[in-house]
Every structure is written in C-alpha cells, then in structure tokens.
C-alpha cells in the first residue's frame, strides 16, 4: 500500500456527502481497517470528490504539525467527519464518537496532486 493509497483508504469517503448516522465512525473505522490490530484514536473522513482533495495540494502552503513544509490548506470549507475513540472503549471493541463538520483541511502532499497525510482541520 503506497502512502497515497493509505490516504484514500483512511480519509476519503466520496460515496457519502456526510456521516449518515451516529454509528458511521464505528462502521467506517472497521471497514477501512483502522481497528484491525488496535483502535486508531482519531481519524477524519473527507466527503468530497477526489479531484477537490487532490487540488488542495496546489492551494495555500503551510507548515505541518511535525515541522515539515509540504502541507497545504484548502481554500474553502469541506464536508468532513471526525471520528474520536470514546474513553470507555478498548480494543477489539473500538467505539467512536461521530462529528459532522464543515472545515478547511490541511494535508501533506507528495508532488503536485498527491495527498499522502491528513494533518489537521481548521
């Protein structure tokens, strides 16, 4: 799995325009293999066409959380869902809180149009 493929698996959900129910994160985190060996504590899904997310790589250049300079912030707010593990849940029964948001996203890119890491939303 390449970094770009991993980004697609962990962060892209183009089929849904928003999280359909409060159970969305529980289902999606499992379906996208983020609970197979541990519970990934936090993850964000983006409900926009791939072309829209790829285009962020040519928008505002910002510094990533880790200090690298290959992060880019979207010009507009995008439809995203944030999944956060609930305090009471433990592997293998990972449980998540689902939050629907409209936020600008920050992604790290390789080359001109290849998002490889979700850094933050603002």
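Note that Cβ sites are derived from N, Cα and C of the backbone, with glycine treated the same way.
Here Swiss-Prot flags 6, 9, 40, 41, 42, 43, 44, 65, 84 as substrate binding site. According to its DSSP assignment, residue 44 (substrate binding site) is in a strand.
For residue 11 (active site, proton acceptor), the count of additional Cβ atoms within 10 Å of its Cβ stands at 19 [all protein chains shown]. Summarising the annotation, Swiss-Prot assigns active site, proton acceptor to 11 and lists similarity to another entry as the type of evidence.
Around the Cβ of residue 83 (disulfide bond), 22 further Cβ atoms fall within 10 Å across all displayed protein chains. DSSP gives residue 83 (disulfide bond) a strand state. The annotation disulfide bond is assigned in Swiss-Prot to 25-83 (among others) on the grounds of similarity to another entry.
Mapped onto three states, the DSSP output places residue 94 (disulfide bond) in coil. Around the Cβ of residue 94 (disulfide bond), a 10 Å sphere holds 21 further Cβ atoms from the protein chains shown. Positions annotated as disulfide bond by Swiss-Prot: 39-94 (among others).
Annotation source Swiss-Prot lists disulfide bond at 57-109 (among others). A C-beta separation below 8 Å, combined with a sequence spacing of at least six in one chain, links residue 109 (disulfide bond) to 56, 57, 70, 71, 72, 115, 116.
Residues or ranges marked as disulfide bond in Swiss-Prot (evidence: similarity to another entry): 64-71 (among others). DSSP gives residue 64 (disulfide bond) a coil state; it is part of no helix or strand.
In sequence order, 3, 7, 64, 107, 108 make up the list of same-chain residues 6 or more apart from residue 117 (active site, proton donor) whose Cβ falls under 8 Å from its Cβ. Under the three-state DSSP scheme, residue 117 (active site, proton donor) falls in the strand class. Positions annotated as active site, proton donor by Swiss-Prot, on the basis of similarity to another entry: 117.
Taking Cβ-Cβ distances under 8 Å and a sequence gap of 6 or more within the same chain, the neighbours of residue 44 (substrate binding site) are 11, 80, 81, 82, 83, 105, 118, 121. Counting only same-chain residues at least 6 apart in sequence, those with a Cβ under 8 Å from the Cβ of residue 6 (substrate binding site) are 116.
In this view, residue 25 (disulfide bond) is surrounded by 25 other Cβ atoms within 10 Å of its Cβ, with every protein chain counted. Least crowded of the recorded positions (42, 64, 71), judged by neighbouring Cβ atoms within 10 Å of its own Cβ: 42.
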